[in-house]
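Among the features that TrEMBL reports, domain 'Major facilitator superfamily (MFS) profile' is placed at 27-478. Among the features that TrEMBL reports, transmembrane segment is placed at 20-40, 83-101, 113-133, 172-192, 204-223, 285-309, 321-343, 355-377, 389-412, 424-447, 453-474.
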Amino acid sequence: MAVGGGIVPGSGGKRYEARVTPFVVIACVVAATGGLIFGYDIGISGGVTSMDEFLLKFFPAVYAKEKNTTGHDSQYCKFENHLLTLFTSSLYLAALIASFFASATTRKFGRKISMTVGGVIFLIGAVLNGAAMNVSMLIIGRILLGVGIGYANQSVPVYLSEMAPPKLRGALNIGFQMAITIGILAASLVNYGTSKMRENGWRISLALAAVPALIMTIGVVFLPDTPNSLIERGQKENARAMLEKIRGTSEVDEEFADLVEASEVSRQVEQPLKTILERKYRPQLVITSLIPFFQQFTGINVIMFYAPVLFKTLGFGDDASLMSAVVTGMVNVLATFVSIFTVDKFGRRVLFLEGGIQMIICQIGVGALVASVFGVSGTGSFSKGTGNLALALICVYVAAFAWSWGPLGWLVPSEIHPLETRSAGQSINVSVNMFFTFIIGQLFLSMLCHLKFGLFFFFGGWVVTMTAFVYFFVPETKNVPIEEMNRVWKSHWFWGKYIPDDAVGLAHHNTTNNA
Ligand code: BGC
């Protein structure tokens, strides 16, 4: 043991006793449904904003412009319109702001309360949207949905990471991403159905958001709070009992002592958002801020928000476009399974790096294809063969995202923080994610119009950058107990120098250091 309670990095992590109890699995499945409400919203608005009845009622000017496309002959610019994209992306701004309030709630009242708040506010938003008689109802509803999502996305990943035994943390946490992808797919199927209705199709699409919100809100009532959160709120005995219950053994002394000690450190922290700026949290701060930024700059939401529009731009018919959105939605769900089964075995880095390379290849492929058919002028159309090839490449790209940056974008930031900065870290993650989701949502149609086929190379360039970043700066975190993460940073070639020696001593609480 090094002087000062420090330990030599890499001197071997510990293994807590833990069985995978049905109780913990069910708790995690219920919590993950929080991802459903997020996914449903990502998937629903693109379809709704292409419905004539909806446009006529709320955005008549847009409708007129779309029916009477004068000025722009270029395929690339057919759908450029800021008002409409604002409808899609405003929700993400609301979520951004809400995630900071959620951080305080999550810390003071527990993860469970935050999830409940998220579910209920989202529910009200869904009802307002479904019943919307004017633009204000639509927008207020949209904002409430965003607030709900801010709360859910802040608390659910933290909840999952804390409940899970270390060796299954990745898989259980990815339940959140799984729920997101199922939500997106459900939304594209609903849109496919309601677009065929003569009246009120949009209303049904928007109102059905209440279904995942109900599942989540009711499910959460039956969830226990995490031991970490109970300790954080001074309920040590309950926390110990809960830990025994979720680990399925009474041999939890070591893990419990670590949780208590982490909580004591955390209690001394008055302002987590200020604390996280301290030098010793630099690796977490940088990674927590960059991962969500990079996740959005993979360009995934170009596909998730605008698949129907994108496929129309590429010359697919109306029905084929909506169908293609369903196809990419299915690939997204199925490929997420790959990450669930591999993330704790092969680790986060392998998935990040492989997924990145696969995305780059597809982006270059699609860009080249679009360039060869539409060129710079943007006139022309895909033959059936090239259209299908583009669709296939897009599916391979979506698959790569779905087993790399999709799930890992939520998993990694939720598991790299010590307790004292975990909530704050997660709200930075959520707000950066929401901010850039907003930016992409807002700018994509203009970017397509101005960058043309270069758009695909633009995102490809970002994926090259983020893949290199992961290679050099993101250490492997699989199987590392969440309260022992500092050991990983301490032994990293670059981040090691930011971690004071005593920060890794936490793992060795049985060292006599009660001065
Ligand atoms: C991202 C979303 C994206 C979704 C696609 C999530 O991890 O945060 O922005 O739409 O994955 O499955």
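The chain as shown is numbered from 1 upward.
Cβ atoms here come from the backbone N, Cα and C positions, even for glycine.
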Tertiary contacts of the transmembrane segment (20-40) (same chain, 6+ residues out, Cβ under 8 Å): 115, 118-119, 122, 145, 148-149, 152-153, 155-156, 159-160, 163-165, 168, 172, 175-187, 208-209, 212-213, 215-216, 219-220, 222-224, 245-248
For the transmembrane segment (424-447), distant same-chain residues with Cβ under 8 A (at least six beyond the ends): 79-82, 85-86, 88-90, 92-93, 95-97, 99-100, 102-103, 106, 149-150, 153-155, 157-158, 272-273, 275-276, 284-285, 288-289, 291-293, 295-297, 299, 301-302, 305-306, 309, 409-410, 413-414, 416-417, 455, 458
Spatial neighbours of the transmembrane segment (285-309) far in sequence, C-beta under 8 Å, 6+ residues away: 42-43, 45-47, 50, 79, 88, 184, 188, 276-277, 321-322, 324-325, 328, 332, 359, 363, 394, 397-398, 401, 405-406, 408-409, 412-413, 416-417, 425-426, 428-430, 432-433, 436-437, 439-441, 444-445, 455-456, 458-459, 462-463, 465-466, 469, 473-474
Long-range Cβ neighbours of the transmembrane segment (113-133) (under 8 Å; 6 or more residues past either end): 31, 34, 37, 58, 102, 105-106, 140-152, 154-156, 159, 203-204, 206-210, 213-214, 216-217, 220-221, 223
Residue numbers, six or more beyond the limits of the transmembrane segment (321-343), whose CB comes under 8 Å of its CB atoms: 43, 46-47, 170-171, 174-175, 177-178, 181-182, 184-185, 188-189, 191-192, 195, 303-304, 307-309, 311-312, 350-351, 391, 394-395, 398-404, 406-408, 411, 478
Same-chain residue ranges lying at least 6 outside the transmembrane segment (355-377) that approach it to Cβ under 8 Å: 74-76, 298-299, 314, 386, 389-390, 393-394, 396-397, 399-401, 403-405, 452-457, 459-460, 463-464, 466-467, 470
Same-chain residues at least 6 beyond the ends of the transmembrane segment (172-192) whose Cβ lies under 8 Å from its Cβ atoms: 24-25, 28-29, 31-44, 46-48, 156-157, 160-161, 163-164, 204-205, 208, 212, 304, 307, 322-323, 325-326, 329-330, 332-333, 336-337, 339-340, 343, 402, 406-407, 410-411, 414-415
